[in-house]
Amino acid sequence: MIVLIVDDDQTNLALFSHMLKAIPDVKPVTMAEPIAALAWCASNDPDLVLVDYMMPELNGLRFIQDFRDLPGKTTIPVVMVTADIDTEVRHRALQLSANDFLTKPVNKTELRARVTNLLALRAAQRQLSTRAVWLAEEVAKATSEIVAREREAILRLSRAAEYRDPETGAHLLRLSQYSRLIAANLGMGTAEQDLLGDAAPMHDIGKVGIPDNILLKPGRLDAEEMDIMRTHAKIGADILRGSTSPLLQVAAAIALTHHEKFDGSGYPHGLKGEQIPLYGRIIAVADVFDALTSARPYKPAWEIDRAVALIRDGSGSHFDPVCVDAFFQDWSSVMAIYEKHRDEADA
Ligand SMILES: [Fe+2]
Ligand SMILES: [Fe+2]
């Protein structure tokens with residue numbers, strides 16, 4: 001362990017250094033200039049500091065104060081060596097969190113005993129902090145495993161729904177990325193973007209509850225069929241709701257509200273404006289844009305310009321204008337996602 005000795009008197013440095021060499025595993029580092037010693041401490045961690053009080057450049061009190069202000073130096077034991085019997089100095093030193101004192105002339109046995117005790121304390125401190133770091137790493141590992149499993153389970157759930165739904169996996173991928181992009185442009189952090197991006201593929205999971213003759217009908221649905229088709233929002237929310245998982249909670253909210261419209265004319269509840277959860281408003285823009293620009297059993301893929309015009313046109317009526325603006329804010333990224341994940345059928 002490294003013991004830093006700071007004293008302007010070379011004789012003292014030699015003396016203390018000699019006394020400490022009798023303690024096993026101790027390596028004394030001697031410094032005659034306190035300012036140079038502080039500079040050394042900025043990039044080195046001693047295990048203990050032995051500092052003289054009376055020094056011309058910087059007294060022991062100032063040294064302790066500046067030393068404690070350096071990053072990571074708050075718990076390193078400090079012993080002040082003083083000839084001063086003034087209790088005022090001792091009190092000040094204690095306030096500046098010195099751990100112990102030695103009075104000059106320093107007794108060899110006393111010095112060794114105090115240094116040995118404080119180094120044992122330091123060793124225990126280091127062991128504790130290593131253990132804390134290790135524990136934090138283990139917790140982080142375990143948490144990320146849980147998150148990964150949750151994601152996997154959800155991906156498989158979405159895949160099960162895909163078996164029945166003509167919407168392709170590429171739609172889910174683009175939807176996820178468009179919504180992340182809108183979230184980012186709205187100023188959401190990456191954790192929230194991830195949450196939204198992971199939840200988005202479950203928006204239509206309720207379609208597993210829609211009969212084939214309606215779900216797979218290669219043409220326009222009549223009014224009655226449309227009513228049945230619209231129940232997918234509620235069915236999806238029923239499948240996903242009631243979980244303690246934030247991801248499933250977001251997914252449930254999205255499933256329920258992705259067909260609500262900003263002016264209140266959507267379904268299933270006719271929610272208006274900010275009554276619709278923000279996640280639902282984001283997905284609405286991303287989902288409609290992607291549905292328009294992809295081929296579906298009942299329609300070919302629209303040209304980009306036509307889809308853009310429809311989204312702009314629906315800003316404030318179908319869509320939240322803030323989400324529409326966020327979508328168009330970074331158009332080259334939208335196009336990059338569009339090009340990268342084109343449906344095989346469209347390409
Ligand atoms: Fe839907
Ligand atoms: Fe969709």
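A Cβ is built for glycine as well, from the same backbone N, Cα and C atoms used for every other residue.
Marked as domain 'Response regulatory' by TrEMBL: 2-119.
Secondary structure from DSSP puts Asp52 (4-aspartylphosphate) in a beta strand. Around Asp52 (4-aspartylphosphate), a 10 Å sphere centred on its CB holds 24 further CB atoms from the protein chains shown. The 4-aspartylphosphate annotation in TrEMBL covers Asp52.
Per TrEMBL, the feature domain 'HD-GYP' maps to 146-343.
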For the domain 'Response regulatory' (2-119), the mean pLDDT of the predicted model: 92
